[in-house]
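Going by Swiss-Prot, these are the annotated features:
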- Cys40-Cys114: disulfide bond (DISULFID)
- Cys154-Cys208: disulfide bond (DISULFID)
- 19-127: domain 'Ig-like V-type' (DOMAIN)
- 133-224: domain 'Ig-like C2-type' (DOMAIN)
- Asn35: N-linked glycosylation site (CARBOHYD)
- Asn191: N-linked glycosylation site (CARBOHYD)
- Asn199: N-linked glycosylation site (CARBOHYD)
- Asn218: N-linked glycosylation site (CARBOHYD)
- Asn236: N-linked glycosylation site (CARBOHYD)
- 19-239: topological domain 'Extracellular' (TOPO_DOM)
- 261-290: topological domain 'Cytoplasmic' (TOPO_DOM)
Amino acid sequence: MRIFAGIIFTACCHLLRAFTITAPKDLYVVEYGSNVTMECRFPVERELDLLALVVYWEKEDEQVIQFVAGEEDLKPQHSNFRGRASLPKDQLLKGNAALQITDVKLQDAGVYCCIISYGGADYKRITLKVNAPYRKINQRISVDPATSEHELICQAEGYPEAEVIWTNSDHQPVSGKRSVTTSRTEGMLLNVTSSLRVNATANDVFYCTFWRSQPGQNHTAELIIPELPATHPPQNRTHWVLLGSILLFLIVVSTVLLFLRKQVRMLDVEKCGVEDTSSKNRNDTQFEET
């Protein structure tokens, strides 16, 4: 803020009270990941002399934009705003030192100071708030086989913290065992997971609502208890598997028996052939002796 103090001191010394800058809005509320343009207007009587214009945008102790000698000086710019903050020159020519920030982060929230020197000096403070609605709600339903209870789970990311409210199809609060866990993402968003254990039947409807006090910031997901899968198909499959195993066993046994029977027959034939040969040899011997 040394620059700010120097400009104000210069203005006071020269008593240039006629130079006044205006801010159409002193509060901007934007969504995480969106773009924002914060306006800071100053008087331009004739054609703007860019070389005589000095503009500073600061956020607390962080340098956001520095415009001197007719161009932006990025050297002192804080790393948090590198590549995301700019001061459109076409707006400067209209007397509007508009600060544009793209892909707004949670850490961008805070109080900004617009300081302008152009024949005189003045400043304005502008507040930026960042919200991240819990729009994308992931859900899951599971059944505890031991207790037959259904566990309903809703998970979403956002900022600031939201309360998770569970209701039934009549939008009445639901009693049951609940738990909530909260963690931080890399982008500093809050990762909120809420679970509810209830006794329910198929087609029962439940709602989980990520509730915040601001209007239009509430988001709801619907969970419908699914029907239990039919038990017949698994039993039928078991029967078919068992029957197939039995048939395969019988085929293998039959094949083995046929093979063994064939081997026995071949042995019998070979045995008969040997016996016939032996008998013939004996008969030939007896004939020779005679």
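Glycine too: its Cβ is placed from the backbone N, Cα and C atoms.
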**OP:** Measure from the CA atom of Cys208 (disulfide bond) to the CA atom of Asn218 (N-linked glycosylation site) and give the result in Å, rounded to a whole number.
**Re:** 10
Original post:
In the domain 'Ig-like C2-type' (133-224), how many residues does DSSP put in helix, strand and coil?
Top reply: 0 helix, 53 strand, 39 coil
Subject >> Tally of DSSP helical, extended and coil residues in the domain 'Ig-like V-type' (19-127) >> reply: 13 helix, 46 strand, 50 coil
Subject >> From recorded positions Cys154, Asn191, Cys208, the one whose Cα lies nearest Cys114 (disulfide bond) >> reply: Asn191
**OP:** Between Cys154 (disulfide bond) and Cys40 (disulfide bond), find the distance joining the two CA atoms and give it rounded to the nearest Å.
**Re:** 43
